[in-house]
Amino acid sequence: MSIEKPFFGDDSNRGVSINGGRYVQYNVYGNLFEVSKKYVPPLRPIGRGASGIVCAAWNSETGEEVAIKKIGNAFGNIIDAKRTLREIKLLKHMDHDNVIAIIDIIRPPQPDNFNDVHIVYELMDTDLHHIIRSNQPLTDDHSRFFLYQLLRGLKYVHSANVLHRDLKPSNLLLNANCDLKIGDFGLARTKSETDFMTEYVVTRWYRAPELLLNCSEYTAAIDIWSVGCILGEIMTREPLFPGRDYVQQLRLITELIGSPDDSSLGFLRSDNARRYVRQLPQYPRQNFAARFPNMSVNAVDLLQKMLVFDPNRRITVDEALCHPYLAPLHEYNEEPVCVRPFHFDFEQPSLTEENIKELIYRESVKFNP
């Protein structure tokens, strides 16, 4: 099983030596990359995201091609600065085939005078969003293999006491062998944190009902809802719930899975939230087999168990891995968990941008003593 490897073109920019030859500066589409000299030219632009531009480069010391993400003006505001630090700390803690790995943080030449952060990751060829939008044929075997790897990685993440909170196709990275890795942990939280809703600015299409309804306490079930949305999108090649706003988002959800009855609203602590849901237009549950005619019976059954309004009744990651749809791939002994739970104990309310800059510099020194 394979997918076509995209071609991003070459960049003839050979760079300028700076800081006594220890670093090389490249101009990539007007973005200045300052990288250690071990990353040899050319730098090849391969992507641009909300947090920065990404280039491929060769590590001359290891002979590996890597992805370098430049986060420009990384300390311009406290929210973005925390997001960068959070991802660095989390990915350093994790070690799993289906979670993207940080290989290096390029050490800034001056510890107290830098504004950009350059993070080096494993290089992947593409992401699931691009594959879904492409003309690449996707079979049931593709779907099963993608889903299995996503759940296998998510089992590890959840076992580390972490909720990803931003699972969507563009955050699932792939190579030409169809190996999948979960990326972008900038919005992740531990299960015990209480300030969950702060800074929550991601696309609403993959958000669970409890998030749309501002439920103050939520669980790992929010990630399972997102996985269900992704599974449906792989099969239909279009988003399941492309809502323009919160109101339409809830309507699209209830049009498919049916309006919840009172027994499905127990997770809502707020009387106002329950009243709001009850006054929404009522929809019967659609026939999933008719709505998803290209999905196998087992795939449809698993999708239905993921897209459940009440998070307490939603299938868990461990239950999903044991589902008959994944039986050809499921091996309990090959689905490791994280040995130590992760704690965001470095995140104090009094943390300033300068504090975060110092912490990120320290992380870069660990990679480059």
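Using N, Cα and C of the backbone, Cβ positions are placed for all residues, glycine too.
Quick caveat, the model's predicted, so the values are computed rather than measured.
These come from Swiss-Prot:
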ACT_SITE  ASP166  active site, proton acceptor
BINDING   ILE46, GLY47, ARG48, GLY49, ALA50, SER51, GLY52, ILE53, VAL54, LYS69  ATP binding site
DOMAIN    40-326  domain 'Protein kinase'
MOD_RES   THR198  phosphothreonine
MOD_RES   TYR200  phosphotyrosine
MOD_RES   THR203  phosphothreonine
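Features recorded in Swiss-Prot, as mapped to the structure shown.
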| residue | record | CB count, 10 Å |
| --- | --- | --- |
| ILE46 | ATP binding site | 19 |
| ARG48 | ATP binding site | 12 |
| GLY52 | ATP binding site | 20 |
| VAL54 | ATP binding site | 19 |
| ASP166 | active site, proton acceptor | 22 |
| THR203 | phosphothreonine | 12 |
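Mean model confidence of the domain 'Protein kinase' (40-326) amounts to 92 (pLDDT, 0 to 100 scale). ILE46 (ATP binding site) sits 22 Å from the residue listed as 'active site, proton acceptor', counting Cα to Cα. For the binding-site residues ARG48, GLY52, VAL54, a Cα to Cα distance of within 10 angstroms from ASP166 (active site, proton acceptor) holds for none. Between the CA atoms of THR203 (phosphothreonine) and VAL54 (ATP binding site) there is a gap of 21 Å, rounded to the nearest whole number.
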